[in-house]
Structures are given as structure tokens and as C-alpha cells.
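Features as listed in TrEMBL:
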type	residues	note
BINDING	ASP81, GLY86, ASP88, SER90, GLU102	Ca(2+) 1 binding site
BINDING	PRO175	substrate binding site
BINDING	HIS205	heme b binding site
BINDING	THR206, ASP245, ASP252	Ca(2+) 2 binding site
DISULFID	CYS49-CYS128	disulfide bond
DISULFID	CYS82-CYS87	disulfide bond
DISULFID	CYS134-CYS320	disulfide bond
DISULFID	CYS212-CYS234	disulfide bond
SITE	ARG76	site 'Transition state stabilizer'
TRANSMEM	12-35	transmembrane segment
Amino acid sequence: MLCKPPLKCLKIVIMANLLTMFFVMEMIVVSGFSFGASGLSMNYYLLSCPIAEPVVKNTVNTALQDDPTLAAGLVRMHFHDCFIEGCDGSVLIDSTKDNTAEKDSPANLSLRGYEVIDDIKEELEKQCPGVVSCADIVAMAARDAVFFAGGPVYDIPKGRKDGTRSKIEDTINLPAPIFNASELIKMFGQRGFSTRDMVALSGAHTLGVARCSSFKNRLTQVDSEFAKTLSKTCSAGDTAEQPFDSTRSDFDNHYFNALVSNNGVLTSDQTLYNSPQTRNIVNAYAMNQALFFLDFQQAMVKMSMLDAKQGSKGEVRKNCHQIN
């Protein structure tokens, strides 16, 4: 479109840009991505501990080179942390004689990667004592685990404080492996996630394994060939492990292709394809890995900000396993 005189054109362009900016800012606020309002910032440690990001990345990279299966552990730990009391590092706290903590819940007994978080915390306490929270370390470690496993590159705002509550009874808020699509949609929706967010986040199962105790009920629900695979796995006992897809340590869209083939390991996996509410999303991700990556990174940023604690509502633990 042409306009004259030039000054008028300039005014139109400026007004258009301003309107666009205000629209984007409004969408950010409505979507809960107003970092300033929540006290979180992409550059939170830029001045107080500029070495924080490199230390996390290098430690995670080294750990995954030694044991690629830890990528799944770090991502799962972040999810289990955020879904209970918000992203506050409560999943790291050890039980005491007076309190049984989240980590000792049956849902969390198989969590892995604590040693990676401890190594990062130890180094950061040497470099920047009392600055970097355990909650931020868990969130950054999950982000970097996704990247080093071949997944999308994304950043998250930092500045979460560590929580001071960790109780086993709170883990009832974690989605169960026997949930159907409607139950998953409801539980994720209560935390502000759309159905699409939920399916994208479920794609984290492209990494890792499930234990037989979580999918024994599937043995009579699947086609004969996959049932034989699951039965063979379970013949070794309830703790025997079955990969979610054919590339357990690679972040890709093979998980969704497995669902399309009716090879979902958990009931909560296969229901995503079986349900009309979510089948089209599964098909889209199975056909388009780039689309899955895009939606996954957006959902992960959203999840990383769940109930982030600030000020007197939290602290920066000296030891990730105990409250100061």
C-alpha cells in the first residue's frame, strides 16, 4: 500500500507498530507470560551469577555423555516438581523423621538425576554462594537435557525461589498412568494448559522407559504383537522397564508414531490416539516433528512458570535436599 506524504506514512507505520506491540503485550499478559509481573527474567543471573547457565549446560552435557538415559530423568524430575507445588524444587527435599517428602511417594521412587542437580548446585555455591535456586537448576537442567538429546532449543525465565514444603500427600496431584484423555485434559486444564499443551508435554515420553507396574493393565488392551512385547518385559517383574518408543534416548516424534501404531506403553499414552479429543494432534505430531518441537518448547516454558515462588514465599536453599 502506498501513502503520501512521507510524514503521514511514517505516522501510520508508527501507529501500526504501537498497536502491534500493545496487542502482543496483552497476549503475553493474558497467557501468563508476563515475566516482570512474576519476578522472573531471562537474564535473571546476568549480573549476580553469569556463570550459572554455562555451569548447568556443561554439567548436563557431561552427565548425558556418560549416561544418555539421564535426559529422561531430568525432564521427568522437572515435570514432577512443577505439577505438585509449582516449580520450587520441592521434589528434591529429603524426608525427615517428622515428614515424608514428595520424593518418597511411589510416583517418585523411580526419579533419576539427583546427582546431576547436586553437582551443579555444588559448583554454583562455590562460584556464587546463595544466589542460584535449586528450582531454577532443575528447570534449566531439563531444558538442556532436551537439547542435548536432540530436541528443540528454547530458553526459560529464571528467578524461581525454592519452596519450603514437600509432603508425600501432595503427589496425588500427579497424573496417573491409567488416566484417560478426558481425565488428562481436566487435570492439565486446572493448571492452565490447553489440550494441545497436554499432548505436546506428553511427548516428553519420547525419552525414557516405564516400569511394568505402570502398564500391566495394558497387556489385555493392545494388539497381539505388542502385547507379547509387554508381557515379555513384565515376565522379569514389576520393576522391569519398557522404552516408550524405539529411540529411548533421542528426542524425536517416534513416540507419536508408536501411538498411531497402537504401541503406546501406558494407558495415558495410548488414550491420546484413541480419543477423538486428541487424535488429530497426535497425527499432526507424528507427521510433523517440527510442529511437535515448536509446541513442546512453548508448553515447557509455560510449565516452567507454574506457581513460581518469589520473595518471602521462598528461599535459595544452600543444600537442595533440605530447607535452610
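The backbone N, Cα and C atoms fix where each Cβ goes, and this holds for glycine too.
Location within the structure of each feature annotated in TrEMBL.
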| residue | record | CB count, 10 Å |
| --- | --- | --- |
| CYS49 | disulfide bond | 18 |
| CYS82 | disulfide bond | 27 |
| GLU102 | Ca(2+) 1 binding site | 25 |
| CYS128 | disulfide bond | 16 |
| CYS134 | disulfide bond | 30 |
| PRO175 | substrate binding site | 18 |
| CYS212 | disulfide bond | 21 |
| CYS234 | disulfide bond | 18 |
| ASP245 | Ca(2+) 2 binding site | 23 |
| CYS320 | disulfide bond | 23 |
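Excluding the listed site residues ASP81, GLY86, ASP88, SER90, GLU102, the same chain places CYS82, ILE84, GLU85, CYS87, GLY89, VAL91, ALA135, GLY163, SER166 with Cβ atoms within 8 Å of the centre of the Ca(2+) 1 site Cβ atoms. Neighbour counts were taken as the number of other C-beta atoms within 10 angstroms of each residue's C-beta; across the recorded positions ARG76, HIS205, the minimum falls on ARG76. When the recorded positions ARG76, CYS87, CYS212 are compared by Cα distance to ASP252 (Ca(2+) 2 binding site), the shortest distance belongs to ARG76. ASP88 (Ca(2+) 1 binding site) has none of the recorded positions CYS49, ARG76, PRO175, HIS205, CYS234 nearby, counting only those with a Cα within 10 angstroms of its own Cα. All protein chains included, SER90 (Ca(2+) 1 binding site) registers 27 other Cβ atoms within 10 Å of its own Cβ. Within 10 Å of the Cα of ARG76 (site 'Transition state stabilizer'), the following recorded positions from the list HIS205, THR206, CYS320 place their own Cα: HIS205.
Listed in chain order, the extra residues whose Cβ falls within 8 Å of the Cβ center of the Ca(2+) 2 site residues THR206, ASP245, ASP252 are GLY203, HIS205, LEU207, PHE244, SER246, THR247, ARG248, ASP250, PHE251, ASN253, HIS254, TYR255, PHE256, ASN257, ALA258. Ranked by CA distance from SER90 (Ca(2+) 1 binding site), the recorded positions CYS128, PRO175, CYS234 have PRO175 at the top as the closest. Proximity to ASP81 (Ca(2+) 1 binding site), defined by a C-alpha to C-alpha distance within 10 angstroms, is shown by the following recorded positions from CYS87, CYS128, PRO175, HIS205, ASP245, CYS320: CYS87.
Calculated from their C-alpha atoms, the gap between CYS134 (disulfide bond) and the residue listed as 'substrate binding site' amounts to 24 Å.
Each residue contributes its Cα atom, and for ASP245 (Ca(2+) 2 binding site) and CYS212 (disulfide bond) those atoms are 15 Å apart. Checked against PRO175 (substrate binding site) by C-alpha proximity, the recorded positions CYS49, CYS128, HIS205, THR206 yield HIS205 as the nearest.
Taking each of the binding-site residues ASP88, ASP252 in turn and counting other Cβ atoms within 10 Å of its Cβ gives the largest count for ASP88. Taking only the Cα positions, the spacing between CYS234 (disulfide bond) and CYS128 (disulfide bond) is 47 angstrom. Measuring Cα to Cα from CYS49 (disulfide bond), none of the binding-site residues GLY86, GLU102, HIS205, THR206 fall within 10 Å.
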